[in-house]
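Below is one structure, written out as structure tokens; the observations come after it.
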Amino acid sequence: MTNRTSYFYDPDVGNFHYGAGHPMKPHRLSLTHSLVLHYGLYKKMMVFKPYKASQHDMCRFHSEDYIDFLQKVSPNNMQGFTKSLNTFNVGDDCPVFPGLFEFCSRYTGASLQGATQLNHKICDIAINWAGGLHHAKKFEASGFCYVNDIVISILELLKYHPRVLYIDIDIHHGDGVQEAFYLTDRVMTVSFHKYGNYFFPGTGDMYEVGAESGRYYCLNVPLRDGIDDQSYRQLFQPVIKQVVDFYQPTCIVLQCGADSLGCDRLGCFNLSIRGHGECVEFVKSFKIPLLVLGGGGYTVRNVARCWTFETSLLLEESISDELPYSEYFEYFAPDFTLHPDVSTRIENQNSRQYLEQIRQTVFENLKMLNHAPSVQIHDVPSDMLNYERNDEPDPDERGAEENYTRPEAANEFYDGDHDNDKESDVEI
């Protein structure tokens with residue numbers, strides 16, 4: 001049976017600008033969407049102009065003071081927020097730019113809407129390439145990330161799903177997501193990333209395994225410079241298979257940061273676009289409801305190629321290596337192909353012995369897991385997104401969610417042990 005895929009894209013999200021010289025370029029989202037359109041992939045998906053997340057949505061995870069600050073600060077008034085800029089780590093890596101809160105609202109709303117659609121079985125796979133900002137913390141911005149759309153989406157998924165698996169293939173450790181769920185067995189976090197030599201964010205050692213109820217439900221795979229497709233595959237596939245077998249997630253969130261590709265402006269790995277895509281294809285093969293998000297990626301043309309290719313893999317559609325002509329065609333010079341050679345001269349410092357050592361340690365940690373922790377069943381809290389919204393229909397929107405209804409059995413609703421009032425946050 002073909003997967004039903006929802007794809008979320010806000011036509012304005014690529015127009016935001018972090019500032020001159022900043023490596024994070026939201027414009028990469030416009031390039032990605034253009035390729036998705038010109039390859040005709042949009043015909044195989046339900047395409048939605050996403051919901052905009054509110055301050056209330058963001059405060060599911062973040063502190064009210066921090067979100068209130070993001071909503072109020074602007075380049076014109078930031079001189080009056082000197083203390084807050086320091087407190088909330090907003091400045092160099094995470095600058096104040098025009099429309100900052102609006103940008104956060106758009107990418108977070110799309111991820112949240114994807115989670116809600118998965119909960120309501122409107123789709124089997126939800127894609128938001130604008131999301132995946134995994135470094136943001138409860139009280140502060142970090143690593144180009146302001147609002148952690150991943151954590152907010154997982155909290156929404158936990159209303160219906162007893163166990164959510166989070167997988168991160170960005171070159172940087174998914175520290176914000178790990179920190180949020182470090183003490184719970186409701187979410188298992190698995191991150192493959194560069195570790196050592198003071199590489200940002202400096203966390204993600206394989207001995208960070210979770211604590212309290214979450215002990216051994218946090219898995220880190222620290223890698224060295226220059227890892228290639230073959231080495232990555234030899235670790236990724238057995239580790240993820242073992243995790244899925246042990247944990248039996250009912251939903252998976254996959255962060256597809258493209259800075260793990262070779263030739264990335266801030267990266268030091270040697271993955272090809274096909275190698276990166278293999279990870280996405282492998283996760284999809286488990287046929288578990290899947291939320292697919294973007295993340296890092298700083299060589300814009302290759303980010304667009306990568307996420308377009310991965311969209312095609314999720315749709316099981318073959319697309320040509322020859323790029324279709326589009327308004328951004330010149331970005332892909334000189335070869336104008338989907339799969340250019342992105343290998344670098346960086347030596348693969350991940351020896352067989354090192355990879356085997358990691359694999360053994362990871363598998364030892366997995367043996368400590370309880371198989372598939374169970375969760376007490378409660379009434380489900382109300383949805384973050386109200387399906388009864390009376391917004392005017394958007395003429396640009398291909399599908400309207402109001403058209404989808406599904407009978408729901410009471411025993412489909414999972415929640416934490418202390419939360420059954422239909423109003424408050426999911427207890428983790």
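Cβ coordinates are placed from backbone N, Cα and C, and glycine is handled just like the others.
Keep in mind it's a predicted model, so treat the numbers as computed, not measured.
Swiss-Prot names Asp170, His172 as Zn(2+) ligands; from the candidate set Asp92, Asp93, Asp259, the record adds Asp259 to that same site. For the 1D-myo-inositol 1,4,5,6-tetrakisphosphate site, Swiss-Prot lists His17, Gly21, Lys25; matching the candidates Arg224, Arg233, Arg265 against that entry yields Arg265. Within the same chain, the residues at least 6 positions away from Asp259 (Zn(2+) binding site) whose Cβ sits under 8 Å from its Cβ are Asp170, Ile171, His172, Arg265, Leu266, Gly267, Gly295, Gly296, Gly297, Tyr298, listed in sequence order.
His135 (active site) and His17 (1D-myo-inositol 1,4,5,6-tetrakisphosphate binding site) are 19 Å apart (CA-CA, integer value). Within the same chain, the residues at least 6 positions away from His135 (active site) whose Cβ sits under 8 Å from its Cβ are Ser142, Gly143, Phe144, Cys145, Asn148, His172, Gly174, Asp175, Gly176, Pro201, listed in sequence order. Excluding Asp170, His172, Asp259 themselves, the residues of that chain whose CB lies within 8 A of the CB mean position for the Zn(2+) site are, in sequence, Ile171, His193, Gly257, Ser260, Leu266, Gly267, Gly295, Gly296, Gly297. Cβ neighbours of Lys25 (1D-myo-inositol 1,4,5,6-tetrakisphosphate binding site) (same chain, under 8 Å, six or more residues apart in sequence): His17, Tyr18, Tyr298, Val300. The binding-site residues examined here are His172, Arg265; by Cβ neighbour count within 10 Å, the least packed of them is Arg265. Packing around His17 (1D-myo-inositol 1,4,5,6-tetrakisphosphate binding site) is summarised by its Cβ count: 16 other Cβ atoms lie within 10 angstroms of its Cβ, all protein chains included.
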